[in-house]
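Written below as C-alpha cells is the structure these notes are about.
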Amino acid sequence: MRVLIVEDELIIAQDLSHTLRRIGHSVTDVVTSGEAALAAVSRQPPDLVLMDIRLSGSMDGIEAARQIYSRWGVPVVFLTAHADDQTVREALLAEPWAYLLKPFDERELEVAIAVAAYKHRLERRLQASERHLRTTLTSIGDGVIVTDPQSRITFINPVAARLLGVTPEEAIGWPLVRVYTLVATNTGLPADSTTIHTDTVNGLPAPATLLTRNGERLLVEHTVAPITGDDGTNEGVVIIFRDVSERQRAIHQLQEAKRRLQHVQSLLEQREQNIITFGTLAHTLREVRSRQALYAAIITAGTQLLPNYRGTLLIYNPGTDLVEAVGHWGEPLVHHPVPRCTCWGERFWSLSLAGDTHACHFLPKGLLGERMCLPIRQHDEVIGLLSLYHPDPSNGSGYQLAVALAEVASLGFDALADRLESASQSMSS
C-alpha cells in the first residue's frame, strides 16, 4: 500500500517511514504541513495518509484530512499525542478511518492501516452501490420519490420531478404533500392516506388522479413500499408511480372503437333482418284476401321493424266518417274513433315537445318524444295513417323504416283493392 506521511517531527516521521517499509508498504512522500500534504496528494495520490493532527503552518491536520478525502477520496489515519476530549471531538468531525495515540507500536500501526483499508474498501463498494442505485432510479421510466420518517423528500428522480412540475434540487427537503396529491378519479376526493403512510407494500386498486403543481391532472398508477431499518423502525417510504393517461386514453379509444364496431355489426344484422321482414311483408301483402289479414300483416311487420316504438294503424271508415284504430303494437296511441283533421294526409315528423297543433288527434298529447304520422294511401287516395311514438326525443332512428313501412303498406292496399275489384268483376261476368 502506498502511504503518505504528514508529520512535523522528523524523527517520528523517519521512524514511521522505516516501519512502513518493513511491514510491506511504500512511502510516497513525507511532508510537515497541511498545505504540503495537499500538494503531495495532488502530485502523487497515495492509498492512505498517516496524518498528525497538530502541524506547522496555517492548516492543521483535521482540515487537511477533510480536504484530502473530499477532493481525492483518500482515507486518513490520525496520529496524535493528544487524547483530550476537545481534540478527539475535532478529529471525529473529519471522519477519520482510524485514530492512533502516540506512542504506538508496530502492531498497532499495522492494525490501524488494515482497519482503515478495510473500511475504505467497504465505503467504496457502498458508494458504488449507491451510485448504481441512483443511476438506476434516475434512468427508469417511472417516477420515484423517497421520503424520510417525517415524510420529507430525500430523493426524487427526473421523471417524477417532470411529472410533478418541479426540479429535483428544489424538491429535496419539501414535505411530500407539497408536491404529491392524489385524488380518486371517480369522486375527486383525496385518496386514502394509508397508501402513503404504510408498513407494507401498498398500491391503489385503480389509477388515481395526480394533481401537479402546474395545474395538470395526470392519471397514475401508484405503489408505496416502506423503508425499514435493521431494528424494524420506519425510515421512510419509496413511492413509485407512472403516468398512464395515454394508456387509459388508448384503452378508452379501443373500447369506443369496439363499441362502434359492435354497433355497426348490429346495424348490419338489423338491416339484414329488416330486409327479410320487408320481403315477408311484401309476399304476404300479395296473398292476403281481406283487410283484416292486411292489417295483421302490417302490425306484425311494425312490431319487428320498430319494436321500441308505440305504433297504431288508423283507417278511415266512410260509413261513420271517423278514423278508427284497426291494430297496434305497444300501448295504443288512439283509443277511440276520431274525426279527420286539418293534417289529414300530411306526413308529420317531430322531435319537439308534444302539443304541436299539426299532430292533431293521431299522436299522444302532453308527452315529450319523437312523433310521426305517415299517410296510408290506396291508389293515391289517403285512407289511413300510421301513427308512431318513441319516448326519447333524440331518437330519430326509425323514421326511414317507418316511411318504408307506410309505403309498402300502401302498396298492399293497392294490391288488395285490385284483387277485390278483379274478383268482383269475375263474379259479375
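Counting begins at 1 with the first residue displayed.
Placed from the backbone N, Cα and C atoms, the Cβ positions cover glycine too.
Please treat TrEMBL annotations as automatic predictions, because they have not gone through curation.
Sequence-distant contacts of the coiled coil (247-274), counting only residues of its own chain at least 6 positions beyond either end whose CB sits under 8 Å from a CB of the stretch, comprise 207, 219, 304-305, 401. Taken from TrEMBL, the feature coiled coil applies to 247-274.
The domain 'Response regulatory' feature in TrEMBL is assigned to 2-117.
Over the domain 'PAS' (129-173) the predicted model carries a mean pLDDT of 85. Marked as domain 'PAS' by TrEMBL: 129-173.
Feature annotation from TrEMBL assigns domain 'PAC' to 204-256. Per-class residue totals from DSSP over the domain 'PAC' (204-256), listed helix then strand then coil: 12 helix, 26 strand, 15 coil.
In this view, Asp52 (4-aspartylphosphate) is surrounded by 25 other Cβ atoms within 10 Å of its Cβ, with every protein chain counted. Per TrEMBL, the feature 4-aspartylphosphate maps to Asp52.
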